[in-house]
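Peer 1: Attaching a single structure in structure tokens format; questions to follow.
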2 protein chains.
Amino acid sequence: MTSYAAPVTDTLFVLREIVGLGRNQPLPGFEEATPDLTAAILEEAGRFAAEVFHPLNQSGDRQGCTRHEDGAVTTPTGFKEAYNLFREAGWGGLSANPEFGGQGLPHTLAAAVNEYLSSANMAFAMYPGLTSGAIAAIEAHGQPEQKALYLPHMIDGRWTGTMNLTEPQCGTDLGLLRTKAVPQADGSYKISGQKIFISAGEHDLSENIVHLVLARIEGAPSGVKGISLFIAPKFLPDETGAATVRNNLSCGAIEEKMGIHANATCVMNYDGATGWLLGEAHKGLKAMFTMMNEARLGVGVQGLAIGEIAYQNGANYARERLQGRALSGAAAPDKPADPLIVHPDVRRMLMTARAFNEAGRALILYTASQADIAHHSPDEKVKQAANDWLGLMTPVIKGVLTDKGLESAVMAQQVLGGHGYIAEWGMEQFVRDARIAQIYEGANGVQALDLVGRKLALDGGRAISAFFAEVGKFCEENRADPALSVYTKGLKKGLGDLQQATLWLMQNAVTRPDNAGAASTDYMHLLGLVALGYMSARMAKAGAEGLAQGGNDTSFLNNKLVTARFFMDRLMPETAAHLARIVSGADSMMALEADAF
Amino acid sequence: MTSYAAPVTDTLFVLREIVGLGRNQPLPGFEEATPDLTAAILEEAGRFAAEVFHPLNQSGDRQGCTRHEDGAVTTPTGFKEAYNLFREAGWGGLSANPEFGGQGLPHTLAAAVNEYLSSANMAFAMYPGLTSGAIAAIEAHGQPEQKALYLPHMIDGRWTGTMNLTEPQCGTDLGLLRTKAVPQADGSYKISGQKIFISAGEHDLSENIVHLVLARIEGAPSGVKGISLFIAPKFLPDETGAATVRNNLSCGAIEEKMGIHANATCVMNYDGATGWLLGEAHKGLKAMFTMMNEARLGVGVQGLAIGEIAYQNGANYARERLQGRALSGAAAPDKPADPLIVHPDVRRMLMTARAFNEAGRALILYTASQADIAHHSPDEKVKQAANDWLGLMTPVIKGVLTDKGLESAVMAQQVLGGHGYIAEWGMEQFVRDARIAQIYEGANGVQALDLVGRKLALDGGRAISAFFAEVGKFCEENRADPALSVYTKGLKKGLGDLQQATLWLMQNAVTRPDNAGAASTDYMHLLGLVALGYMSARMAKAGAEGLAQGGNDTSFLNNKLVTARFFMDRLMPETAAHLARIVSGADSMMALEADAF
């Protein structure tokens, strides 16, 4: 009963106005991605997402995955056919290295396409999503022969990938990891142990599944410094690349979960499985983080993606459902009641979701473009600035956009009233699916600690200082413009709160680390609001400029101004509450004895 | 895998310190409910909830209800036996009228027991919960012979009750109601139409089901003024009260829902069913509101109830699960890692849930005691004040405590990381179950409009003025006390924001009603925070007094002070954000064209 239409116009607006595609000089790495090609790819990706992935979203949720007695796993009806279409269309290799068969287009474009696919069917999009992360890790850390052996198959999509980190006794704290790797005479390792929560761990979509597995080499030091990363494929490839010998690893069970039922979340048993070291021994965590950082941005995209499709379906219902009368007098006096959209509180929920979606899309695509710049720019200073932005914003995008994704899904569900609670309407699935994004790839509290405990202080606070300077400059340059002052005023207030919070942390967190921990989630959301508000204000500026130039998309541009105004009116005021919480410190949070809880 | 322990100590603290049980003169209606009897009842109710209801919570969710071809509905395994135990113990008649077999104890006590039962098994507790509402409506509006015929069976629990309001085309807007009632020669009516979302509409727990049905008498005016309320039992009782003749009504389907799977949510078809008018013709809506107001408080209790059990299970996990090290240095150096509870961000989530639970419990029980006072007090002024509080706080308790219930369930689930997403751990069920409480009995946006559009202005704003005076007086009386000033300071700031928001509404909502609609949800939460903060501060005062008097429950009392401090530090600052949003008005919320969404 749900529907989906990819927001291609909005993506193109962001690429043009915020990322700068087609403006000034071409961005490094974007040389091939002309505005016309980009538009054509996005249109086609949107159509594919809506027509191939989305029709399987509710049926996939209802049916789920099935594990058979031999450990094989079947995906829901229609998934295999749709995956083949996906593979044949080459969507999986969009931004992959042409050396191994990829199309070499910008990551920014892949992020946009990933949003569409995740909106249409998040559980499905995870299969190729995890493969992308594994590709990135192998490309960054693999030996040339490993790359040659695995990457072409994975980029082509005939093989998929996974990440194997979690064990029953260890989630966030990977130092507790027990899976063992015993060196063999031929240079391989025998891996033994149990991994849990392995997304796409076993399924019937691909010919082979390439597991990247964290394990401890026999005799390695304890803690995180003794962890190595291994490649352990389901089928062992021979020298010709043909994979026929079954490895000693298997899916022991599929977890029953709240949502993403169509993705097989597996218990994976490694019983002396053959694996090969990926990257250096004992430096597996670092190698895994290549994958994690990419995955974290991907999870932020999922937050946006669910927020977007939930918004669309909430808005459709609100326009059509007749119930009650407008407070200002009947809007449709010829009908038995007015459509829900006349009610301010219904709009409050939809506008909130919309404002976060549009700003979130801009923040994601702009950040993805910084990844492209960091990869491709010949200018070391530009590269450094791009890397700084990327490091600072990765936890924010993961943590804030997934929290907002759940909130948007809950609000859009609320628009449907009782129908929102009924499975066939599909809104409750969005809530259930969105919920995992706050948890996996590092729970959002871990993102917040990464931000406050690590990213803020890196290089003497260079990244956050650059952010302050950039946003401050924007406010300064535009505050005198009467069309923009309403945005710069709200943004400047938010920025001020963020700067105060940062100063407080500098003064209070070193002497008492719990003050940092107690502040972390609020700080992450405070930075998120300012970053999203900045994107919002930049879009308003572009909208105002477009209107002044007499653009023919007047209503689209006007709506950008309204949505940014709503952001300043209704969303930005939260920064003050975050600041107040942060400066209250850790006292009342830490005072109870553990057994008083 | 979940567990539950009723918070009897906390309930008794609230009854003693906030409601005033056992202090000063006995409250009217509480004469029988001595502190000792109250404690004994609560202990037994807690045991019953934990031992009889709770073990069926996860199994009931998994199994759900089954509709058979003949329209009969089977509840999950064990429910019928547990319901019989519930009935035999007399829990359903705790606060019911002794004239019809009830025990005549205060509603306040029933609300406390209802919290325990709803924590333990919300879907189960709904069966007797709906019966209570139907009892209240029949008692308030029934003819003497109707009361005599129905109430003893319903209070005894052999018969249960339902509310039938919603139809496919009408939810909130009952003016669109189409179900018809045709008068018969014998004074009965033939009712025809379809009702949807009927909780406990059909099941196997009771001998008979008494449906209260809103319908339009043939020829009645359109809109809400032409609606009447009818009693239409599943089996028609003869003059002896024996119910053997099947009425022409049936369950057409059970809805598949996000949660509360163990409660049968039915499509009910009335095919010329026999019904009798309850109350006056065309005044059905008013009669239904008797039931609705009671039901709304009951739904607020569900929000608290899920918040409480989710908190308990999150806290249990946080104390036991070893993961990572405290920021301030290892807390359990002899173990491979520290328990989660050392991490400030884990505490942030648990303390937030805890602070809302404790303040919510106080607000609910205090408000329920105002209902008892309104029923029983011989003093008209006292009665009026109690009714004012009740009217003002009913939408706040329904809307705010159910929103907080979801948030608490989400936070407690987050504490478990990936395990929180897995069905067997039970945390995700709390989220799914909690979600309905924000929707049914009037979606929370409708509660907010009831508050801002109706309750605020009633009797010249008498209720809100009295609230301002009461909270202001508390702040004034206690601000000089060094042990209490931290609480009065936070509370006074919140009260100030609330007063400013109220003034803004007075000045801006009459001229432009959309300003009221745009403010409504923020205003409801702002009032909720101040009311909960007031409860919190009163508990802190009672805690400080208890400590000064050398009470022997030192740690319990100390924890009250800490939790109230956390409320002021971390939760109350949100009032400023609500105020800022309210005074931004309706402009940016209403500016988009409907088809721009």
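Any Cβ shown, glycine's included, is placed from N, Cα and C.
These came from TrEMBL, pasted as-is:
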type	residues	note
DOMAIN	B:40-157	domain 'Acyl-CoA dehydrogenase/oxidase N-terminal'
DOMAIN	B:163-271	domain 'Acyl-CoA oxidase/dehydrogenase middle'
DOMAIN	B:283-450	domain 'Acyl-CoA dehydrogenase/oxidase C-terminal'
DOMAIN	B:467-592	domain 'Acetyl-CoA dehydrogenase-like C-terminal'
Peer 1: Looking only at the domain 'Acyl-CoA oxidase/dehydrogenase middle' (B:163-271), what are its DSSP counts of helix, strand and coil residues?
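Peer 2: Each residue of the domain 'Acyl-CoA oxidase/dehydrogenase middle' (B:163-271) counted once, the result is 6 helix, 57 strand, 46 coil.
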Peer 1: As a quick check of your reading of DSSP, tell me how many residues in the domain 'Acyl-CoA dehydrogenase/oxidase N-terminal' (B:40-157) are helical, how many are strand and how many are coil.
Peer 2: 88 helix, 4 strand, 26 coil
Peer 1: Determine how many residues of the domain 'Acetyl-CoA dehydrogenase-like C-terminal' (B:467-592) DSSP places in helix, in strand and in coil.
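Peer 2: For that range the per-state counts are 104 helix, 0 strand, 22 coil.
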Peer 1: Average the per-residue pLDDT over the domain 'Acyl-CoA dehydrogenase/oxidase N-terminal' (B:40-157) and send me the rounded value.
Peer 2: 97
